[in-house]
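Structure record follows, encoded as structure tokens.
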Amino acid sequence: GMVSNWTKIPPPLFKKVVIVLIDALRDDFVFGSKGKQFMPYTTQVVEKGTSYSFIAEAKPPTVTMPRIKALMTGSIPGFIDVVVNLNSPALLDDNLIWQAKTAGKRIIFYGDDTWVKLFPKHFVEYDGTTSFFVSDFTEVDDNVTRHLDRVLKREDWDLLILHYLGLDHIGHMTGPNSLLVGPKLSEMDNILKKIHISLLSKEEASLPNLLVVCGDHGMSETGSHGGSSEGEVHTPLLFISSAFEKRSAPLAQPEHVQQTDLASTLAIGLGLPISRNSVGNLILPVVGGKTMREQLRFLHLNGFQLSRLLQENTPAYEKDPGYEHFKIAEKSHGNWIKLYLEGNNSEILLNLGKKVLKQYLEALKTLSSSLSKQVAQYDMYSMMVGTVIIMEVLLLLLLSVPKALSKRAEFEVPLSPPLFSLLFYLMCLMLCAVHVIVCTSAESLCYFCSMSWLTALGVMMLISALTCGILSAIAKIFENSRLPPKNPIVSSSSWSEIDVLILAGTTGHVLSLGASSFIEEEHQTWYFLINTLCLVLCQELCRNNFLLKECDPLHSSNVKQNFDSIGETSECKNIDIPVASNSKLGKATSSPEFIKGADQWISLATPWIILICCRLLRSLNQTGVQWAHRPDFGHWLTSSEHKSELSFLAVVSLLMIFFLVQRRCSLVSKIAMALGLLGVYSYRAAIGNVIFPWQHGSKDISKGITEARFVYVFVLGIVFTGTKDLLKSQVISADSSTKSTGLWEVYSGLVLLAALLFRPHNLPVLVFCLLIQTMMTKYIWIPLKFDAAQITIMHYWFGQAFFYFQGNSNGIATVDVSAGFVGLDSYVEIPAIFLTAFATYAGPFLWAIHLLCYLSSEVSR
């Protein structure tokens, strides 16, 4: 006790440590009813065995790679790791694996190859499995388990890490309430039983072994992850060892800890230094069996590491409440040591020890909390450069928009004058000087500064050119405003309610993105805007059909002509509507007889039908953040007891899709479309989402690869036919009819692809999308003769709304990764990314293609 030993690392508490990480393991899968039913051994160990159980809270983004980083470094990864998750680079931060390797520990790893990418050359033995092929539920786990018997018999390892992916894949494909979840949990329970029994049989009296069971993240009610809902952030964390006391009473409610606490706790358990950037706290019950002196020593180590990290990140660290608490606890610890060395074994020593323990825990909690807020460091310089470029491009586009929307439809961006101006070269020099100053004085690593000087110069030239271009465009606008108008007699037309709504709605939506709560619930903004648009369209239709008829007979005859000309345009322009049987082409009359036509009443009802469709779609998928957990019609349909209802809905939806799409297609495309939609249903039946009427009992579930590829053949065939017509109209003959047909066939091919990739309960979204497009084309856009800008923005609004009707949100958790693996039997990067992106953005994309089809058909305007 005379010589200080505080710089030495304490000896390890456990001989061998096995970490079993089960991907997407939610807390209720272990502590809830599913755990009792499917994981009996684990439940018994948790309730009556020598174990400590916790609920670990993960910070978003809840995707695998950032969570592995958090578990092994104890730090909080940033959102850029969501992107990096797709192709993980080696982890350069101080971490538990590196510390263990440096200390001579032999580490073996089997499972998700993200670990192999993050920690290259750290494992004495490893076998990585790809994490992205989500339709593989069994082989991905069998590849881990096949090594288990052999490794557990050996003595040449200290740390064994197993990462099981099957449960995560089941979640992505079929959700947390799937029938496949139970058997997978039973499989995991048997594996944990095997490992635990093996560790107990090999234990020595001196040093026990430790089994850690955890999840990297949970899963949402749809089976995805990435966001911050309770199901995604709460994961079980179990420590099982003979070193712990046997639990006398069943566990009431597990205590909540942070996921980052695991790194500090394992470092102490293995006798390693705590990672430099760790913000985690030691989980005290794990070392609770040790003497008071050892417990205080462990807490002091953790506190010292956190206070050092605070000193590095905060200039005024001495005023931080956590640092102050730590210094008080350290002083009390010194007093306790003095009493201890004097040989005082009274109750005073015990009470003082408990008091110091409490002070340390409070200090650690406060330090960890303040560090969590500061550790996220952002590359401000690179972000500012990127923001400046984006804002300049946006401003240049806004300055060019009035000319682009004029009758001549010019789109002119002045580029040559700025490149030969003195201002351009002066700006380049000034920006280069700023770049040199920032990069030579910056203490932290900057992405933009790490680029080559040639690339940096190119960026500076781009910023300068854009600035000069903006100034040139503004000067041109002022110059044109001084010129006298060419036709002073014609007055500018007044704005209609539609124009005001479109401008106010679009501007209001952009402004709403300044608030995070509006981003979280952006779907509400779009639902409100399209509902308002429908009501304004209703007013416009009423005015055109009733009010203006009485005031202006000439106007009524024009409206009549507009309705009657639908038949003509259907033949000449290939609009996706059959010819009206009672059309009297070219008829002009001032009488109100057109009011009696069926078309007019359908036209008046159209906005209300659209409103009903939108209301039904809102009930299908709950989205956003606040109410995403609420039950919806989609959840009801996807539950296993309603499979026959889902099958019936899928059949009706596919028939409706065929009816709405086929009318403008050629005979060959119609046949391909019908067979393709039949293939879509067969695919969903093969993977167990829907059933055939003659199918009794549970059929063996396959991956449906053959059925999906059968559909892909028809998708490619229809798209190829459409592309051929488009090329013919451009190259051989400038025929607008052929061009319009070609575009529609490309569109129908993409509709078939969307039908294949959408989950069966989402097929009504596709039906209502086609129905609204058909009704608006025939009964609103053509009769009311809206201009291109108005129709474009209406398409944009509906496209955005349909993005949310699909069940998407601005949270990454709603991305349906399973769509990227339809028809694939292994992970192929490019098709997987394309299919996932198409399935996610199908709503906006289909409305954009429909806009092209509509505008190309309006040849006379």
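Cβ coordinates come from backbone N, Cα and C, glycine included.
Automatic prediction, not curation, is the source of TrEMBL annotations.
Going by TrEMBL, these are the annotated features:
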TRANSMEM  380-399  transmembrane segment
TRANSMEM  419-438  transmembrane segment
TRANSMEM  450-478  transmembrane segment
DOMAIN    600-856  domain 'GPI ethanolamine phosphate transferase 2 C-terminal'
TRANSMEM  646-662  transmembrane segment
TRANSMEM  668-692  transmembrane segment
TRANSMEM  704-722  transmembrane segment
TRANSMEM  832-855  transmembrane segment
Practice problem: Using a Cβ cut-off of under 8 Å, list the residues of the same chain at least 6 residues beyond the transmembrane segment (419-438) that approach it. | Solution: 381, 446, 448-449, 456-457, 460-461, 463-465, 467-468, 471
Practice problem: Go through the chain and flag residues at least 6 beyond the ends of the transmembrane segment (668-692) whose CB is under 8 A from any CB in it; none is fine as an answer. | Solution: 173-174, 643-644, 646-647, 650-651, 654, 657-658, 661-662, 698-699, 701-704, 706-708, 710-711, 714-715, 717-718, 721-722, 745, 748, 752, 755-756, 759-760, 822
Quiz item: Apart from its near flanks, which chain residues at least 6 from the ends of the transmembrane segment (832-855) lie with a Cβ under 8 angstroms of it?
Solution: 132, 575-576, 740, 743-744, 746-747, 750-751, 753-754, 757-758, 765-766, 769, 773, 777, 781, 788, 791-792, 795-796, 798-806, 808, 815-817, 819-822, 824
Quiz item: On the 0 to 100 scale, where does the mean pLDDT of the domain 'GPI ethanolamine phosphate transferase 2 C-terminal' (600-856) fall?
Solution: 90
